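Peer 1: Below you will find the structure I want to go over with you.
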Amino acid sequence: MSLDIQSLDIQCEELSDARWAELLPLLQQCQVVRLDDCGLTEARCKDISSALRVNPALAELNLRSNELGDVGVHCVLQGLQSPSCKIQKLSLQNCCLTGAGCGVLSSTLRTLPTLQELHLSDNLLGDAGLQLLCEGLLDPQCRLEKLQLEYCNLSAASCKPLASVLRAKPDFKELTVSNNDINEAGVRVLCQGLKDSPCQLEALKLESCGVTSDNCRDLCGIVASKASLRELALGSNKLGDVGMAELCPGLLHPSSRLRTLWIWECGITAKGCGDLCRVLRAKESLKELSLAGNELGDEGARLLCETLLEPGCQLESLWVKSCSFTAACCSHFSSVLAQNKFLLELQISNNRLEDAGVQELCQGLGQPGSVLRVLWLADCDVSDSSCSSLAATLLANHSLRELDLSNNCLGDAGILQLVESVRQPGCLLEQLVLYDIYWSEEMEDRLQALEKDKPSLRVIS
């Protein structure tokens, strides 16, 4: 292996002693070191620590999904305390770190003024560990900008020290506390901290945190006051239509420049969708929206599609998987696919579109004005009857690059029609996803031959 490289990136590999000895010189000189799920032991952590002490070039260290434990993490952190260390990004996600190990981590943060990103998700830090961590984050020498704390066993009690960090750190840009039971009280404390903070927050992720409709008024104020905010993730919280009505005035505020909004599985219906459509019409900045897992129904689909045809809506990615759509709404989506010049990605899987609905979509995709690049139609009750329309569309459409038809009953007859179109030079598809579809050995041979004959295409199954 050449030693003249900038990055060492190894994933899911059990490292033998010989292989490890080969890698050690690289640890001493690479700018980026990623050893993801490599079965690292405490002894290996000592080797890593020694190597890091003599590597002033290190900018990123990723040790995620290794059972380092508090002792192993301590060893690694000792290596980062060299005066020459200039690390910017550290990931210890899923490393069996506990609250007891947060004291050492807190002390280390005081000595790493260059560290900008810290990933600690999937470690059981608890409230006591988070308190220790925040003491380090509050040190004037710590200039952290991005902190990920997903699945860290935090409660509302952790939100007070986090809010103190937000108030004290003007450089803070991204906070992820998803999948922690901070609940309504904790979210309110965080929002107050953000309200009082001079930080230019760019991303706030609170998915599956027990956010309620009452919190949406607090969040509305944050969205309205933080012009820097670009991403808000609130998925898997019980916001409901009432919460959407509270949140939307903030999204409509003139200073709001939100780009990405994730509100999947939030109990939103067509009524809440109507409020959201006002935002889509008014905010050209909003580019990515996930409404997956909300019972929007065909009425919600109609409202969305009418909005997508408005000149003020410049959405590029729409996720409406599992939204209780039927074939009845597909004529609306077909119009969007034919006329909208901004929508590049549509995730509409797990809706009962059936053959009639997919054939409607194909009519829109086949129009010269279609710009869609990625389409997910997995688990949409599609049969081989739709494959002739899909096959013709793949030849007529020159923008589509990815198509997912997984978990549909296409069979050999349907797959053959797709293969015959995809193999043509005029078809520009780059990725065809066919999980959970059953075909014969003969068809398997055809698919393998297709990939061999057309290297630009990947068939994923």
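Each Cβ is built from the backbone N, Cα and C atoms, and glycine gets one as well.
Annotation source Swiss-Prot lists N-acetylserine at S2, citing similarity to another entry. What Swiss-Prot records for S91 is phosphoserine. For 2-11, the entry in Swiss-Prot reads region '2 X 5 AA tandem repeats of S-L-D-I-Q'. Residues or ranges marked as repeat 'LRR 1' in Swiss-Prot: 20-48. Look at Swiss-Prot and you will find 49-76 tagged as repeat 'LRR 2'. Annotated repeat 'LRR 3' per Swiss-Prot: 77-105, in sequence order. The feature repeat 'LRR 5' is assigned by Swiss-Prot to 134-162. Marked as repeat 'LRR 6' by Swiss-Prot: 163-190. Look at Swiss-Prot and you will find 191-219 tagged as repeat 'LRR 7'. Marked as repeat 'LRR 8' by Swiss-Prot: 220-247. Residues or ranges marked as repeat 'LRR 9' by Swiss-Prot: 248-276. Annotated repeat 'LRR 11' per Swiss-Prot: 305-333, in sequence order. The repeat 'LRR 12' annotation in Swiss-Prot covers 334-361. Summarising the annotation, Swiss-Prot assigns repeat 'LRR 13' to 362-390. The annotation repeat 'LRR 14' is assigned in Swiss-Prot to 391-418.
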Peer 1: Near the repeat 'LRR 8' (220-247), which residues from the same chain, at least 6 beyond its ends, have a CB less than 8 A from one of its CBs?
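Peer 2: Same-chain contacts beyond the ends: 173, 176, 178, 191, 194-195, 200-213, 253, 255-269, 271-272, 275-276, 290.
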Peer 1: Quick test of the contact rule: Cβ under 8 Å, at least six residues beyond the ends. What residues does that give for the repeat 'LRR 1' (20-48)?
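Peer 2: Beyond its ends, the repeat 'LRR 1' (20-48) has Cβ neighbours at 1, 3, 5-14, 54-55, 57-69, 71-73, 75-76, 79.
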Peer 1: Report, as numbers and ranges, which residues of the same chain sit near the repeat 'LRR 14' (391-418): CB under 8 Å and 6 or more residues beyond its ends.
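Peer 2: Non-local partners: 349, 362, 365-366, 370-385, 424, 426-440, 442-443, 446-447.
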Peer 1: Which residues of the chain, 6 or more past the ends of the repeat 'LRR 2' (49-76), have a CB below 8 A from one of its CBs?
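Peer 2: For the repeat 'LRR 2' (49-76), the sequence-distant neighbours (Cβ-Cβ under 8 Å, at least 6 residues beyond its ends) are 24, 27-42, 82, 84-98, 100-101, 104-105, 119.
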Peer 1: Where else in the chain does the repeat 'LRR 12' (334-361) make close Cβ contacts, counting only residues six or more beyond its ends and a cut-off under 8 Å?
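Peer 2: For the repeat 'LRR 12' (334-361), the sequence-distant neighbours (Cβ-Cβ under 8 Å, at least 6 residues beyond its ends) are 292, 305, 308-309, 313-328, 367, 369-383, 385-386, 389-390, 404, 406.
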Peer 1: Average pLDDT across the repeat 'LRR 9' (248-276)?
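Peer 2: Taking every residue in the repeat 'LRR 9' (248-276) and averaging pLDDT yields 98.
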Peer 1: Where else in the chain does the repeat 'LRR 13' (362-390) make close Cβ contacts, counting only residues six or more beyond its ends and a cut-off under 8 Å?
Peer 2: 321, 333-355, 396-397, 399-411, 413-415, 417-418, 421, 433, 435
Peer 1: Can you count the other CB atoms that lie within 10 A of the CB of S91 (phosphoserine)?
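Peer 2: 20, counting other Cβ atoms within 10 Å of S91 (phosphoserine).
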